[in-house]
Amino acid sequence: MAQIAAATCVRFVPRTTEALYVTIGNGESGCWSYVGRSTRNSENQVNLQSPECVDIGTVVHELMHAIGFYHEFTRPDRDEWVTIDQGALAPEYQTATFYADNYGKMAASDVVLYGRKYDYGSVMHYSKYAAAASRTRPVMNNLQPWTGDFGNDNGLSAADIIDINYMYCNGTTTTAAQATTTTTTARPATTTTTTARPVTTTTTTTSRAATTTTTTTTRAPTTVRPGIFTTLIKVPVTRFLEILRSLPLFNLFSMG
């Protein structure tokens, strides 16, 4: 939250009585979030299973989903930038539903790209090896020059910051008027599992649409594009709590 607030006009503030807000909890399995505002005009749930989902890259990834951003590799022009090898997926992910929900390409009519080029280093990009059966055969490969893996364990890339500012801040810098949304934390769960959570699709405006809203499908598993493939570099839960405690209000979150 602090990272997003430092680079954009978006602010996270405590919820009081607002009807639209984000709840952050760990009561279910996996790392996931709905994408954007729900057409039900109610809460948007973000789940961060502990400790599997408690690292900077995953948390920022799910918060980006919550404020309306899809995965980078689902852009309508993605075939100019990456190839996707469905056969490289692990056996448990070798289903048409899993592929469509996680790697399905967005329609051009559902996306606003703001003229920005594809970003292999976006926090919204999965690793080359996400859900892969083997580290010797990546699921995704770059078609344009790029060194190393995809994604960003450290949070927002420069292009991610530009996208947020275009969507919420009229394309300006962090000095723009602040956009706020309220959130609250959910009661911590007593137990968690390590079960990976598949995803469902929605008809949201995707990663770069500021004017339309999202719809959600049946809860199988509750979200649109959850980051079920967490990053390789993890930080302990205690470190994450230290990060949260550094914010003004540790127990209440909100999001814009």
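Glycine residues also receive a Cβ, built from the backbone N, Cα and C atoms like all the rest.
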Among Cys53, Cys169, cysteine joined to Cys31 by disulfide in TrEMBL: Cys53
His61 (Zn(2+) binding site), number of other Cβ atoms within 10 Å: 34
Neighbouring recorded positions, C-alpha within 10 angstroms of Cys31 (disulfide bond) - of Glu62, His65, His71: Glu62
Separation of alpha carbons, Cys53 (disulfide bond) and His71 (Zn(2+) binding site) (Å): 17
Sparsest-packed of the listed binding-site residues (His65, His71) - C-beta count within 10 angstroms: His71
Cys53 (disulfide bond), number of other Cβ atoms within 10 Å: 27
